[in-house]
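To keep things clear, I will list the structure first and then write my remarks on it.
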Amino acid sequence: MSSLDRKKPQNRSKNNYYNICLKEKGSEELTCEEHARIIFDGLYEFVGLLDAHGNVLEVNQVALEGAGITLEEIRGKPFWKARWWQISKKTEATQKRLVETASSGEFVRCDVEILGKSGGREVIAVDFSLLPICNEEGSIVYLLAEGRNITDKKKAEAMLALKNQELEQSVERIRKLDNAKSDFFAKVSHELRTPLSLILGPLEAVMAAEAGRESPYWKQFEVIQRNAMTLLKQVNTLLDLAKMDARQMGLSYRRANLSQLTRTISSNFEGIAQQKSITFDTKLPVQMVAEVDCEKYERIILNLLSNAFKFTPDGGLIRCCLSLSRPNYALVTVSDSGPGIPPALRKEIFERFHQLSQEGQQATRGTGLGLSIVKEFVELHRGTISVSDAPGGGALFQVKLPLNAPEGAYVASNTAPRRDNPQVVDTDEYLLLAPNAENEAEVLPFQSDQPRVLIVEDNPDMRGFIKDCLSSDYQVYVAPDGAKALELMSNMPPDLLITDLMMPVMSGDMLVHQVRKKNELSHIPIMVLSAKSDAELRVKLLSESVQDFLLKPFSAHELRARVSNLVSMKVAGDALRKELSDQGDDIAILTHRLIKSRHRLQQSNIALSASEARWKAVYENSAAGIVLTDPENRILNANPAFQRITGYGEKDLEGLSMEQLTPSDESPQIKQRLANLLQGGGAEYSVERSYLCKNGSTIWANASVSLMPQRVGESPVILQIIDDITEKKQAQENLNQLQQQLVYVSRSATMGEFAAYIAHEINQPLSAIMTNANAGTRWLGNEPSNIPEAKEALARIIRDSDRAAEIIRMVRSFLKRQETVLKPIDLKALVTDTSLILKAPSQNNSVNLDVVADDELPEIWGDGVQIQQLIINLAMNAIEAISQADCETRQLTLSFSGNDTGDALVISVKDTGPGISERQMAQLFNAFYTTKKEGLGMGLAICLTITEVHNGKIWVECPPAGGACFLVSIPARQGSGT
């Protein structure tokens with residue numbers, strides 16, 4: 001008997017193999033053979049020994065059991081004839097060739113399929129190799145066969161390839177949808193320019209006709225004109241962005257004097273500088289000739305100066321300089337003495353829709369597109385733009401532009417025709433920020449018998465509108481910002497405060513906070529009027545500090561009704577406080593006493609009665625980690641499961657605190673929860689949180705924390721039970737990401753189908769605007785002018801403009817890509833928006849649409865866009881089913897109501913279509929199941945996903961009269977903390 005000695009070859013080539021020499025056996029031959037056989041048969045993978053001709057000598061037990069054979073059956077027989085290779089004749093022939101190759105001295109390795117599981121009845125994939133073994137003379141005497149089961153690996157690779165393919169297809173579809181969306185908005189923006197021109201043109205004609213007549217509606221004409229110009233500016237900006245996205249924005253190069261262009265734009269701001277007492281310094285050379293797109297260069301300078309004047313306080317300094325940089329480059333610098341831009345935000349400010357918001361100086365108007373467009377125009381010129389700190393404080397913007405156009409570009413000469421005037425600045429937009437007679441706080445002589453209302457609004461047009469609505473019933477005085485309002489309130493407290501949120505100097509939410517801090521003002525009711533539809537902020541303000549929150553736009557009738565309610569409550573409260581003060585008490589004191597009394601009644605001690613033996617068994621054998629800590633969160637005891645989860649031993653945990661195992665960003669919340677628990681302010685709680693392990697890794701767990709029963713004289717002991725959910729959380733995050741992508745793709749596809757309907761819905765109000773504008777022109781042109789009819793026409797123009805703006809807002813909101821955030825849903829707005837979206841497709845398919853909603857609906861938390869997508873998916877399925885069938889009655893009914901117990905919202909989508917068979921109902925919500933000729937079959941699966949995200953249920957019923965009825969139940973919000 002000989003032993004094997006495996007050596008590595010000195011030089012390896014295609015035909016090299018490991019050199020294994022045979023040596024004489026030692027004196028302990030029997031023992032060594034026994035050990036070798038134990039090891040050989042104990043190997044988990046396939047191992048076999050063949051002679052030089054490929055006949056079987058030895059095979060380990062695992063390989064034999066996998067094929068369902070014995071060694072005696074195959075010993076001495078060709079290896080390729082064994083059970084493993086009997087999948088097919090081709091497999092047998094392939095194995096024979098591999099043996100012949102190895103017998104010639106070449107190492108063989110490949111992936112093959114064999115009958116190697118369940119007694120040779122199941123095919124598995126193995127990483128197979130044949131290693132030639134030679135004696136000392138170099139002759140091949142054995143072949144060592146090895147195989148490693150890689151079936152799971154192959155399946156995983158195939159699944160990964162499939163998922164990658166699906167992801168690539170989804171990404172490509174999203175890209176196409178994004179391009180379609182950009183094209184759609186470009187078309188909508190372009191179509192809006194015509195009706196806006198038809199608003200402004202007739203309006204200018206009316207104003208020209210009424211210029212010398214002292215029309216009582218002149219102020220309203222100016223408001224309409226000013227805001228229509230603002231809307232036109234935003235439409236033009238969106239059109240520019242769409243062109244840049246489509247790479248259709250080009251440059252019209254012209255040889256021009258940059259000094260003259262810069263000087264012309266700068267001169268438009270001199271009036272604003274005088275009104276705000278700002279030192280406006282321009283340093284320009286006499287002449288600097290460059291090849292640029294003049295219009296885009298003027299837009300660059302205009303936007304930079306506009307930002308500087310927005311953020312520079314009264315009495316500040318603004319500089320605009322033009323100079324040569326390195327050879328063949330012009331350098332434009334615009335600096336101000338405003339609050340500056342933090343380094344962390346200097347990249348973000350050039351992103352689209354980003355607006356800088358800093359304490360004490362907030363951008364109250366605009367879309368956040370100005371600097372984004374500046375950057376785009378600069379890069380089109382192959383230039384650069386940067387921002388840094390200005391000397392002495394403030395922001396310093398630097399723009400570098402090449403003086404020469406790219407080689408081969410067409411450059412117009414100075415004599416080529418150009419528009420008559422350079423860029424004209426609409427300074428009215430920036431004059432609103434300057435202090436003048438209208439913007440200063442206005443206080444009228446008060447009459448003692450009328451309640452006082454203070455209006456805080458930075459926009460003069462809106463301020464004047466609110467004042468006109470209320471001045472007939474109340475004593476109204478105004479302030480342009482929160483700081484001035486706080487000063488006025490200290491001297492003359494109002495009965496009602498009406499404030500905007502986004503204002504310069506002091507914002508509305510900061511004003512509310514300051515008012516509530518002052519005892520003498522804390523009882524004043526506050527109404528917030530804002531165009532910022534932030535549901536989270538709205539709920540926070542309503543729950544903590546304000547009595548009403550009204551979104552812009554709003555009707556004058558609704559404003560008067562809400563103001564009347566708040567003022568009446570304030571007057572009644574004042575009378576009650578006065579009555580109670582005569583008795584030596586106050587409402588606030590009584591309320592405080594009631595709350596404290598109720599809190600004491602709710603406190604109780606929870607007794608735990610578990611035996612020591614039972615506790616010990618649970619403690620030591622539980623799969624969940626159990627930790628006992630003192631009030632300082634120091635670890636007293638930790639069970640084996642916790643030690644295994646975190647990697648700390650029993651000695652490692654001695655003297656450690658749970659805070660040392662807590663990531664720093666979670667530590668404040670954990671401390672607060674623990675303090676509430678110890679102080680009796682919170683009951684037993686469960687929280688999902690992370691822990692730091694000994695090896696530096698982080699795990700996620702569900703932690704349940706409670707107080708142990710406490711004996712008299714003993715310190716409190718805290719029980720913490722930790723359930724490791726790291727793998728579950730990672731899987732859930734991956735699933736959530738895929739679901740978010742799928743929901744967004746579905747929403748984009750839905751909006752793509754609605755493009756024609758939305759365009760139709762926008763055209764209707766725009767056509768009405770044009771008709772009413774022409775009618776108003778005729779009525780005002782009559783002698784005498786028909787003022788009442790003109791007024792009604794203007795009111796209809798405003799109404800239809802609001803309707804077009806609402807449609808655009810609704811589309812932007814529906815397409816906005818964002819993470820799922822659960823927050824209070826405005827059901828009234830959801831019902832209105834959904835009805836508006838479905839109106840056109842239902843009419844186009846001759847389907848009668850009815851939307852029914854209860855007056856009082858349960859309050860639910862969720863993602864409003866996803867809920868709207870769910871309803872639209874169900875409704876469009878119903879419309880399509882009715883359209884494809886020959887239905888005598890074509891009816892679709894959407895209903896919104898509470899359930900019998902009032903703890904859930906029930907949404908019903910009922911149609912009179914052909915209905916659903918029992919066979920179809922069993923698979924209805926399965927992914928990729930569809931009864932249509934086209935489509936992926938994902939619509940109802942996405943509806944199910946959205947419902948489950950909101951902890952709701954979805955099901956379908958078949959009414960006796962025919963058709964189908966889909967029902968969705970979403971639980972109402974329970975408490976204020978969920």
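Cβ from N, Cα, C; glycine included.
Secondary structure counts, DSSP: the domain 'PAS 1' (32-103) has 43 helix, 13 strand, 16 coil. Under the heading domain 'PAS 1', Swiss-Prot lists 32-103.
Summarising model confidence by region, the domain 'PAC 1' (108-162) averages a pLDDT of 90. Among the features that Swiss-Prot reports, domain 'PAC 1' is placed at 108-162.
Sequence annotations record features per position, and here Swiss-Prot assigns domain 'Histidine kinase 1' to 187-405.
Among the features that Swiss-Prot reports, phosphohistidine is placed at His190 (among others), with the record citing a curator's inference.
Here the domain 'Response regulatory' (452-567) is broken down by DSSP into helix, strand and coil counts: 53 helix, 23 strand, 40 coil. If you look up Swiss-Prot, you'll see 452-567 marked as domain 'Response regulatory', on the strength of sequence analysis.
Taken from Swiss-Prot, the feature 4-aspartylphosphate covers Asp500, and the record attributes it to a curator's inference.
The domain 'PAS 2' (611-681): residue composition by secondary structure is 33 helix, 11 strand, 27 coil, according to DSSP. The domain 'PAS 2' annotation in Swiss-Prot covers 611-681 and rests on sequence analysis.
Marked as domain 'PAC 2' by Swiss-Prot: 685-737.
Look at Swiss-Prot and you will find 757-974 tagged as domain 'Histidine kinase 2', backed by sequence analysis.
Per Swiss-Prot, the feature phosphohistidine maps to His760 (among others); the stated evidence is a curator's inference.
In terms of DSSP helix, strand and coil, the domain 'PAC 2' (685-737) has 12 helix, 25 strand, 16 coil. Secondary structure counts, DSSP: the domain 'PAC 1' (108-162) has 12 helix, 33 strand, 10 coil.
All protein chains shown were included, and the count of other CB atoms within 10 Å of the CB of Asp500 (4-aspartylphosphate) stands at 26.
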